[in-house]
Amino acid sequence: TALRFTNAPIKILESSPFINNTDNDKGNLYDGKNMALFEEEMDSNPMVSSLLNKLANYTNLTQGVKEHEEADDDEGPSPALGTLIGVYLPCLQNILGVILFLRLTWIVGTAGIMESLAIVVMTCSCTMLTAISMSAIATNGVVPAGGSYYMISRSLGPEFGGAVGLCFYLGTTFAGSMYILGTIEILLTYIVPSAAIFKAEKKEDEAEALLNNMRVYGTCCLTLMSLVVFVGVKYVNKLALVFLACVILSILAIYAGVIKTAFEPPDFPICLLGNRTLQNHNFDQCLKTMEVDNVTVTTKLWSLFCDSPDLNATCNEYFTLNNVTVIQGIPGLTSGVIRDNIWGDYGPNGMLVENKHQASEPAADTSQDIYMPYVANDITTFFTLLVGIYFPSVTGIMAGSNRSGDLRDAQKSIPIGTIMAIATTTFIYISSVILFGACIEGVVLRDKFGDSVKGNLVIGILAWPSPWVIVIGSFFSCCGAGLQSLTGAPRLLQAIARDGIVPFLQVFGHGKANGEPTWALLLTGGICEIGILIASLDAVAPILSMFFLMCYLFVNLACALQTLLRTPNWRPRFKFYHWALSFLGASLCLSLMFISSWYYALVAMLIAGCIYKYIEYRGAEKEWGDGINGLSLNAARYALIRLEEAPPHTKNWRPQMLLLLNLDSDHAVKHPRLLSFCTQLKAGKGLTIVGSVLEGTYMTKEAEVKKAEQNIKSSMTTERTKGFCHVVASSNLRDGFSHLIQTAGLGGMKHNTVLMAWPDHTKTVLTLISSGRLLVIWRAFTVRETTAAHQALLVAKNVDSFPTNADRLGQGTIDVWWVVHDGGLLMLLPFLLRQHKVWRKCKMRIFTVANMDDNSIQMKKDLQMFLYHLRLDAEVEVVEMHDSDISAFTYEKTLVMEQRSQMLKQMQLSRTEREREAQLIHDRNTASHAALNDKADAGPDRVHMTWTKDKFLTERNRNRAEASMGVRDIFNMKPNQSNVRRMHTAVKLNEVVVNKSQGAHLVLLNMPGPPKNRGGDENYMEFLEVLLEGLNRVLLVRGGGREVITIYS
């Protein structure tokens, strides 16, 4: 009948063979039937339209790594911060800070303009190069919240990521200490000096009193700030803009003050005694004496240097010899003072701050100078120290990347905002260095605490309209920066803890119900307190410089590594980077670390190294697609290509193992001691491939193969076997093991030795394994296969009685029976075993066999000399085997063996017959089924029958006739003379070995080769069984056909 098409809607029956309706919700995967061809893949491979829909908001996209799959439960509004608010201003606020206000003038005065410019250029170049590298990493895909730690860890791997992340955390924490110390220094030195708890009675005690005040007030300030952070971080973030405004206003006030000095320099007189600068605290007038009502009276200055206010008082010698002079502290931009400040003036602790251009009459006695009110160095100054103190003033470049989760377009904002912020701050620092040197007198610049200007902040006296603008601005700037550090550091620690790469930090991943890191805040406060107890801003600054430089070093390395490896995923949107710039940045970071403080640098590297090794040893294994893995792959490829060029020299030969394992019915390792023995033989060196075979096809056995691999890997971990695991599915065991022997390994990193356990049931040779083949057949085949592949073969008998890795064998022997020389492997193996602690106490004995016509005495001497040249310590014994007649026992044993082989062949024929009968029934069924389904199309070639009924009957009759003849012949047969001789050798050699080595911890014995006639494989295994009878631990060794040990150096 013809089909008629109408306009009516077509209904598809539920039983339609073209649609699988087993899943009720199948319709949810796609609409209509246009994509029915891809229907089976919809679960794992979503359609492009649904993928793009998810990509619209990346937080909903399944990430490439599992640890970022958990989204926040309470999703807030979408991120909306731009470049200016989100990156530029936060970076500006973090970069500009305490060092600019409290130390930059002192650095310019001590190092001079030229060296100060060198410091600024070096440090700013370092941060600029790091920012370029960071921009490349930040624009290479979505950077979730976590910023710099996330970038480094995902680029360099968990070990480097954890080490550098913790260094960055420590740097941020010590930065908090530095900002708090800066806050207290401003408070106690410039705002309320009277608030000091510890007051110095003598001038020499002032430094110690200041440190103690810093410790007390710093601890109180830290406690207060920690409480603020604990109570509400949102208040800290809201105040950030206020603190930033303070910084910007202060800098504008400085520039305004500099411009004003060109027209109207401020009046800040400096009092000099000779060429020495005086602390202008306790006197008003820079005079020794003055006229009051025509009477000469002494001033307050006089009483500081003399024992009484009388004119005839005994005064300090230098005071008597020199006059006092008043100079202006800020001569102004046009005064030409810049010439005096070009070069530095370094000196030791206690060195007086002097004006080299003033006349001075030196005193003979200078021992009292430390008690006089002179301005002096409080620390020993040198160029490298100033680099370490200054570097924290250029840190803070990560502020933008740390906010990556809040940015509207992080890939655009982070590079532009960060680089612009560094360019801006570099301009501010360079201009400040030049302007400070051009406006301020050198002795004032070198006066760290402003003692010569009545205790004012030196940078403050330059500012317009008032010094208080700078004092208040810098105070709030330091407060804000300290709060930001105490806010950021615990979150960084929490991110590291939640990654799970450092087990002992797991507790710090927890916090309050809203996610605030309470425990991490406590640890941060504790570490911060260490910095505060140091109490000196100049001592804390180099510490955090080290940690930040370490972090920047690895950012540059990460970028250089990714660029050179050319990994497919390295596609940054920021194009203005180059691996050479990254290497230059890394080199600069490393140089600055050792320039600043070589011992701090070594300590920081030691801390990072310890963390790295700890994570490597104890940390969780993470696969982040990092650059170190890529580097490992490239290095491995390079090494494999090099190894491929030529086989290893005899001196470099070591056993590279292919371990063939048997699995039980649950796919667990049947002989785990074989793994232990491999570990003891290898001692962690060289290649180990552990392989096994499952019968069947990979499509049907995929789950079982994976389960078997997991079980083997678990056993390898338990037995401490380092290597690779490979399980294959094959139609039969023989082919599977053949494939492993042929293909395991890669390039030059291939195995040269096969290790396997002795078959379990060769005594009951009549037992057929499930595949219908004899176990012994494919074992003998393995011997042939390894011989053909020129690989050594080790077969361990009674492997379950071998020692575990925890055992320690006492005094005993490893006996080597050297019957034939096949490369020296027999002598190398005991040496390798004795390197392991299990076998270390065992002694090595070598036995060799002499025939009747051999000179056994000379053989022993030659063997001892040979071992001496091989540098092996072993006892030597030559065993003589006399010719003797073949015993009736040997004859009978050979006959039984051959009868058994003949019976097996008959059984195999019967089995073949049964298979053919089953094939005939299958073919009949197939033919009838095809005929019923489609009678019209049945042709002569439709059904291919392997056996017709007539052919089957003829073949069965012929086989039965042969079988009946064979059974009669079994009881009339005589043993083969060649087999009788072999059995005789096996029996005699076994008697000798048992006699000499029955009590040995291990016996190593040459494995005889299989017979050339492959039909005698069952007999071959029987000979080996006789040879090993009565011995406990035996290792049969068959060389690979090359020398593996040499007497030459």
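Positions of Cβ are set from backbone N, Cα and C atoms, glycine also.
Listed features, source TrEMBL:
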TRANSMEM  85-105  transmembrane segment
DOMAIN    87-259  domain 'Amino acid permease/ SLC12A'
TRANSMEM  117-143  transmembrane segment
TRANSMEM  163-193  transmembrane segment
TRANSMEM  214-233  transmembrane segment
TRANSMEM  239-258  transmembrane segment
DOMAIN    377-658  domain 'Amino acid permease/ SLC12A'
TRANSMEM  379-399  transmembrane segment
TRANSMEM  419-445  transmembrane segment
TRANSMEM  457-483  transmembrane segment
TRANSMEM  543-564  transmembrane segment
TRANSMEM  576-593  transmembrane segment
DOMAIN    672-758  domain 'SLC12A transporter C-terminal'
DOMAIN    806-1049  domain 'SLC12A transporter C-terminal'
Can you name the far-off residues of the same chain, 6+ from the ends of the transmembrane segment (163-193), with a Cβ under 8 Å from a Cβ of it? 97-98, 101-102, 148-149, 152-153, 156, 210, 213-214, 217-218, 221-222, 225, 392, 395, 398, 449-450, 455-457, 460, 471, 474-475, 478-479, 481-482, 485-486, 488-489, 492-493, 495-496, 502, 524, 527-532, 534-537, 540-541, 543-544, 546-548, 550-551, 554, 604, 607-609, 611-612, 615
Compare 85-105, 117-143, 379-399, 457-483, 543-564 by their Cβ pairs under 8 Å to the transmembrane segment (239-258) and return the stretch that comes out on top. 457-483
Does the chain bring the transmembrane segment (419-445) near the transmembrane segment (214-233), so that three or more CB pairs sit under 8 Å (pairs 6 or more apart in sequence)? no
At a C-beta cut-off of under 8 Å, are there same-chain residues at least 6 beyond the transmembrane segment (85-105) that contact it? List them, or none. 178-179, 182, 185-186, 240, 243-244, 247-248, 250-251, 389-390, 392-397, 399-400, 403, 406-408, 413-414, 416-418, 420-422, 424-425, 428-429, 432-433, 436, 440, 444-445, 448, 457-459, 470, 473-474, 477-478, 480-481, 484, 537-538, 541
Whether the transmembrane segment (214-233) meets the transmembrane segment (543-564): three or more C-beta pairs under 8 angstroms: no
Other parts of the chain folded back onto the transmembrane segment (117-143), taken as Cβ under 8 Å at six or more residues beyond its ends: 58, 107, 111, 150-151, 155, 383, 386-387, 390-391, 393-395, 397-398, 401, 404, 410-411, 414-415, 418-419, 422-423, 425-426, 429-430, 433-434, 549, 552, 555-556, 558-560, 562-563, 569-574, 576-577, 581-582, 584-585, 588-589, 592
Could you tell me what the rest of the chain brings near the transmembrane segment (576-593), counting residues at least six beyond its ends with Cβ under 8 Å? 122-123, 125-126, 129-130, 132-133, 135-136, 387, 391, 545-546, 549-550, 552-553, 556-557, 559-560, 563-564, 600-601, 604
Need one number: mean pLDDT over the domain 'Amino acid permease/ SLC12A' (377-658). 86
List the helix, strand and coil residue totals of the domain 'SLC12A transporter C-terminal' (672-758) as derived from DSSP. 43 helix, 22 strand, 22 coil
